[in-house]
Amino acid sequence: MATWKTYARIILAHVSLIVLSVVYVGFGAFLFYQLEQPNEVEVRARNIERFNIHKRQMIEHLWEMRESGIGQHVVEDLAVKYVDNVTRILFEAFDTHCIGAKHLRPGGEDEDYNWTYMTALFFTTTLLTTIGYGNLTPVTGRGKLLCILYALFGVPLILITVADIGKFLSENIVQLYTWYRKLREKCSKQKYSVISSKDDKNKEGDLNLDHLENYISIPIFLIVAILLSYITFGAVVLSMWEGWDFFSGFYFSFITMTTVGFGDIVPLKREYYILDLCYIIIGLSITTMCIDLVGIQYIRKMHYFGRAIKDARFALVNVGGKMVHVPDLMRYASVLQQKYGQKKTHDTIIVKGAYAPKDLSKIRFIDFGALASIESWQSLWSILTGRTQEVHV
């Protein structure tokens, strides 16, 4: 019973976060719908009426002038002015973002409005996920102010929710991969048990790898394959829903999963908007999962190498049969370099009449330390005085 309560408390936090995000998105969609839809209805009706009035006036005036026998050039000049006015009215209507070409055709008044609750839901989701296609935006002052305040609190909430789902997916992927590795090791256990020996096991047990014993590294190609498979699946499904070709669907999926959101290609079938939003949210969670899995591998490797470099001063090196610490070895090398290092060029003794190596001057230290014979002392004296000895045969 205690275990069940513990799991319930853990799950409740994640479920509550998801429910809060869904409620926040739905409530925001309702607010945007209430603010923007009345304005769209009023702007569309006004501009369509203005266009129709101007069109009727142009036809009636040109017909009257034609019937009255006015010259052809006068009628043509007047027609050009009317066409210019119609063009200006059309551009002004398009700038309102409430009217398209389909609304100016016969029966265009019955076309669906841009701001419905479903489109508002699509807008709030793409807004809070920072994708922002830009195909639907608030145009009223109150709508823009609400957009700022709504995104100020909603973007962190949705990003935390997506990251939480991505973390849940990454942990499950790691668990599945761990089970796969254990199953593979179990299948090949007999083979490895014959090859391995007790000495190898003892040596392996002496290694200090406590910080990596519980870490499972998932191959990078597997992570990339998961992401590309999901994008490919979305490309196929969206191509069927929207009538796109495969490349357009793949392009849209990739741009969406990376939250670039150019907006040059957007879904238009509103009956599939809920499925589109589910695909987007799951895709962003999978992208977060892939980033988490790849990032944690490099972070662990950097920490491992950092600790290894830090602990290198405690490493032992075999020098002449003796184990020496690396810092002590470096100090010994520095002392030897200072004592027996290369001398300056003006300290080198050159003996005339014979080849003299550059390190010949070190012989005196060797002879002196080894208590050389009389002949060695005579050779040293001849070197110091610059005299050469005759070789007697």
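Glycine is treated like the rest: Cβ placed from N, Cα and C.
As annotated by TrEMBL, domain 'Potassium channel' applies to 113-170 (among others).
Residues or ranges marked as domain 'Potassium channel' by TrEMBL: 226-297 (among others). The average pLDDT the prediction assigns to the domain 'Potassium channel' (226-297) is 92.
According to TrEMBL, the transmembrane segment annotation covers 12-33 (among others).
Taken from TrEMBL, the feature transmembrane segment applies to 115-133 (among others).
Taken from TrEMBL, the feature transmembrane segment covers 145-163 (among others).
Long-range neighbours of the transmembrane segment (216-239) within the same chain, counting only residues 6 or more positions beyond its ends whose Cβ lies under 8 Å from a Cβ of the stretch, are 173-174, 177-178, 181, 245-250, 252-254, 257, 267, 276, 279, 282-283, 286-287, 289-290, 293-294, 297. According to TrEMBL, the transmembrane segment annotation covers 216-239 (among others).
Residues or ranges marked as transmembrane segment in TrEMBL: 246-266 (among others). With a cut-off of 8 Å between Cβ atoms, the residues of this chain six or more beyond the transmembrane segment (246-266) that come close are 126, 129-135, 227, 230-232, 234-239, 280, 283-284, 286-287.
Residues or ranges marked as transmembrane segment in TrEMBL: 272-294 (among others). Tertiary proximity for the transmembrane segment (272-294) is limited to same-chain residues at least six positions away from its ends with a CB under 8 Å from its CB atoms, namely 118-119, 121-122, 125-126, 129, 131, 162-163, 165-167, 169-170, 173-174, 218, 220, 223-224, 226-227, 230-231, 234, 237-238, 241-242, 253, 256-259.
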Residues in the domain 'Potassium channel' (226-297) grouped by DSSP into helix, strand and remaining coil: 57 helix, 0 strand, 15 coil
Residue numbers, six or more beyond the limits of the transmembrane segment (145-163), whose CB comes under 8 Å of its CB atoms: 17-18, 20-21, 24-25, 28, 31-32, 35, 124, 127-130, 138, 281, 284-285, 288
